[in-house]
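J.: This is the structure I have questions about; it appears just below.
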């Protein structure tokens, strides 16, 4: 079994691989240099370019000898390039800078918002209004202003909605700007033997550069000289532990070898000299930037739904408008009347306030999510998260606490579990045994980590530490167990130290002890367990020193295997009291030419560390599973560690085996196991390199629980694309620059607010402010709820379309005076219906929405045929009946019985007729008739408001009874009051008869619509009763939207 220890592997293989991209041979000149970017064809096939970027890096600059390197780049280690050669290279390759992607001009984006979707229909309506008004103005002495006002209102609606949408869109996509912030400004270069400070963008291939502590690496360089040089690759890899760099070639993989340093990473220690091997877009960082900014993300699920809905409604509006325009013509109407009628049909069909309602609903949910640590950058992402069917989660910091913690100890021949919980509420162990005291003394003294200053009130686990992650874990563990570690170190003064190095794989220090009766020096050592064990001849067990025999070695091996198998990083500890006769007080210890014993020591025990899971994660993963969401771990960490964490958080559930587990259980080779028998899979990045997209699809299809370990960022991107090929809606979490391509490609990218790089935050749609996976689950719940509530909101809004359209149809087909005007329709769509529709966004979930599978984007539409059938064919019809009932009542009260109204329209609308007789023989002037008509418009409008009360209440729930759901939504209760008050204001406010042609109504005219409102309530309550009684039955298939 591959065991891991800090010391055994060094750091090179245990940090996450950075994103890199292949450079095929046809992309280079004969001497291995890159071809000029300037001479590339004007149009590069974008898909081929991106496919090239997705390949792993394939270069040999780190393998060749320094002499071959200088020859290839025509440079010299001491003199650098000549000025002429540098100028030639600069002209050939262009500047050492990232090329920004082509942007869509802002005015084009603005025009798309101003003329897309419903907007085009409303513009046509507005233009028709202005045309009709101008014709009326030229043919009539006193033209009516209705069409002018209507045209102005429609134009205003379109412009305001367009500006609103444009503002929302313009806030996103600034990925490239955040990459630019990472680019260093200046670099120290040697040219013709002279040191120069140049702008970083003037560097060229073959330049010899010098970097020191605090600098940013100005290009990808091959290191030729180094002194204690360390770099922080976290901007590329997300792993912040410093990596040592030097001139030696140590690894085939260019990202893991010590002799390469990469553009935009930080030098944190020492100095180095190197030769520039890649510039600008060809650097590792440049390629990530190219990949992240070049990926086409496509539409969000909710945007697709809204476009589908817009096409549906637009189709209905155009079909009805044109059909009845033609019918009006055939029936002999004047073409101008037919145009006015066409405007009415369009205005009545288009829910003008709906896009604003959707945006406001999403904004409200985004605010609610922000209070739960989910900051949404792109509003449409709110719903996307609810549709998510697969989450590809990073491990470090998202599933885990992002701090190495001591998990187990082995002393006195037993494994002791340490407390890894965030609040120290876990297991306790005996801290009084001699074995623990000896082990804790070594861990305290043989440790260079220290707490940073000025953290007095901060809990121990939250304190910042200067030092290596493993040593920081030991320091915090000892501080919790023993108290003030710094004080213990003062009392046991350090005399000499041999720091850890990758050759010896141990660290030794010698101390004076606090025991005044014992003048001897204490030697303490820690390091890779097997290296420590081979330097020991005795072992300390239960307070006694015993000979380290084969039995004890086997016990050690078993413990080491067990802890290593848990994916933990294991360290061994030993000590030795130096005899005072050989090493008297004041002895000069020489750490270069060692003059003290480092063999025949006393072995004391092991300590193992892991970055433990966050407390809330197992529960969150279980919630995802019950919600039908597949959680895949994608990490750059070691497979054993990844599998251990996956098991502890439930990504690999208990009892589910991988191919390797089955082979081990049956004691057969792995090749003999049928992969489909294994529900779980741990896939190594190296295997992924050789896997075709079909094989990847098979892994994703047949394994329900998957861990991808040791993956590079392109592989993360390829995994995301694989999931999307399977039809999944994919959420991806990440924090490093290297994660940005996958974050951008995913349906929803989730970046980390605390540990995340600026680039990952720009590429993402959502930011977790607390870096906690559990917050994603909250987001999923909110996303599902908003989809349900948007359906309710749209059902409510669309229902009033029927009572708005039917008056125009009756006007044409039955030849009656117009029952409802176009301006009045706008008062409903942009006035009384807006607040109630938005209030449905506050509605609570009907049942446990996290117990159902994710929404199928192909079949479960925001607006489906069942919703249209309910809104238009059932509830809308009852509402239209209410409106016509009120219309006929008022007409009859004023002398026009229903029979008299049919066929009267031409006479009614003629200004020349001032003696039209009603059913009782009274004569009506044109002005009196119009006053009565506008009073009917107002009454029809009020009747729609009254039946919309019932519609709002029934839209609260799609399955539950209203009595079960209750009226706890105070926003909705306010909406009921608001629409009533607004309707009354529009009817009774002085001056409205001139502005909106709305007249005061008798109080009794509010009542005829109430029985219809009750009918709607009773009808729908009965429908839902039968829905609950017969789940999946005919009624559900026909009416459950």
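Note that Cβ sites are derived from N, Cα and C of the backbone, with glycine treated the same way.
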J.: Any idea which of 766-786, 787-807, 808-828, 829-849 is down as transmembrane segment in Swiss-Prot?
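T.: From Swiss-Prot, the annotated transmembrane segment range turns out to be 808-828.
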J.: Ranges 270-290, 291-311, 312-332: which does Swiss-Prot label transmembrane segment?
T.: 312-332
J.: With CB pairs under 8 Å as the measure, which of the listed stretches 147-167, 312-332, 338-358, 870-890, 970-990 comes out on top against the transmembrane segment (808-828)?
T.: 338-358
J.: Look at every Cβ pair spanning the transmembrane segment (312-332) and the transmembrane segment (870-890), keep those 6 or more apart in sequence, and say whether at least 3 of them are under 8 Å.
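T.: These two segments do not touch.
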J.: Let me check the 10 A CB neighbour count of residue 526 (ATP binding site). How many other CB atoms are there?
T.: 30
J.: With the transmembrane segment (338-358) as the reference, find which of 115-135, 147-167, 870-890 contributes the most Cβ pairs under 8 Å.
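T.: The stretch I would name here is 115-135.
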J.: What is the separation, in Å, between the Cα atoms of residue 394 (active site, 4-aspartylphosphate intermediate) and residue 526 (ATP binding site)?
T.: 31
